[in-house]
Amino acid sequence: LLSQFDPDNTGYISTEKFRSLLQRHGSELDPHKLEVLLALADSNSEGRICYQDFVNLMSNKRSNSFRQAILQGNRRLCSKALLEETGLSLPQRLIRHVAYETLPREIDRKWYYDSYTCCPPPWFMITVTLVAFFLYNGVVLDRFVLQVSHPLYLKNALLYHPQLRAQAWRYLTYIFMHAGIEHLGLNVVLQLLVGVPLEMVHGAARISFVYVAGVVAGSLAVSVADMRAPVVGSSGGVYALVSAHLANIVMNWSGMKCQFKLLRMAVALICMSFEFGRAVWLRFHPSAYPPCPHPSFMAHLGGVMVGITLGVIILRNYEQRLQDQTLWWIFLSIYVIFVLFAIFWNIFAYSLLDLKLPPPP
């Protein structure tokens, strides 16, 4: 249809002709897509619309012109809010709920609601949770939780131990061990309740990056700030996701329409504080296997720092190019500098400080 309005084959049509086209055929379009197209026309200062932008929008590809419409255009939402729509099936209501839980702008929520196909599903968080809970603790160890008072605690190949810090995989694999059923239970609940909706919206690549960055920052923070302690649990990654999500809610408070958002934030903060307080208490509690102390709590703080820096930038820019974000590069550079510093610290500082470490397990 657009080619009829572009006889010279320039690839553009005027916004006036574009509007007349929408008025003529708007009833055939999804109302949410129609709003995005109107926003595109309203925001275009050059008086013309690119045919390819129209194709991208209709095929659920967010073009640069769409981003311009969202950021600068007149985003008047003429139809009713997504929350007011009735007659939705259970999967549609679930997708709508996820949209309101994670996205601060109505036009983004409608875009997500229209374009989400559950393909691929949120496989990363589910896989990590299943591996942590069932595969390792249930199958390999023949028990659901490896307690820190168990004789096998320090003889484990996945635990981070300061004497075995040269085994690089331990900076990641420590997440598959937990210091008790309450530690494992809280991390599993937070991973599923927070991580799965975030992955449904932002995709596995972004969420896995935040999660893994939090995990690595957690173990490196322990190796720098609590050099004699081991570390277990997925709290570094979990706290990175949760803190990024909570910070995103605070930064977009007026736009977030999730129900009971203040109560939900309070409950999340209370649970995180309880688990962190328990980790601090356990760290300074007399160890069941001296001279090796109980696991460190510094991984929690490393995860939080990743969440409120890298995580906030990733969650704030829903499906937009991170390469164009100055803050993204600043925080990524800071993170890389910290990782490099921690690597050199692990190589040289332990011997220079002549630190007395607990014996290897």
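Backbone N, Cα and C define each Cβ position, glycine as well.
Any TrEMBL annotation is an automated prediction that lacks curation.
Remember, predicted model here, so these are calculated numbers, not experimental data.
As given in TrEMBL:
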type	residues	note
ACT_SITE	Ser235	active site, nucleophile
ACT_SITE	His300	active site
DOMAIN	1-28	domain 'EF-hand'
TRANSMEM	123-146	transmembrane segment
TRANSMEM	207-225	transmembrane segment
TRANSMEM	231-250	transmembrane segment
TRANSMEM	262-284	transmembrane segment
TRANSMEM	296-315	transmembrane segment
TRANSMEM	327-353	transmembrane segment
**Request:** Let me know how many other Cβ atoms fall within 10 Å of the Cβ of Ser235 (active site, nucleophile).
**Result:** 32
**Prompt:** Around His300 (active site), how many other CB atoms lie within 10 A of its CB?
**Reply:** 26
**Complete:** the residue listed as 'active site' sits from Ser235 (active site, nucleophile) (Cα to Cα, rounded, in Å) at a distance of 6
**Prompt:** Given the model, what does the mean pLDDT over the domain 'EF-hand' (1-28) come out as?
**Reply:** 67
**Non-local residues, at least 6 beyond the ends, that sit with Cβ under 8 Å of the transmembrane segment (231-250)** = 102, 104, 128, 132, 148, 159-160, 174-179, 183-184, 187, 190-191, 194-195, 198, 207, 210-219, 222, 256, 258, 261, 265, 268-269, 272, 275, 279, 295-296, 298-300, 302-304, 306-308, 310-312, 314-316
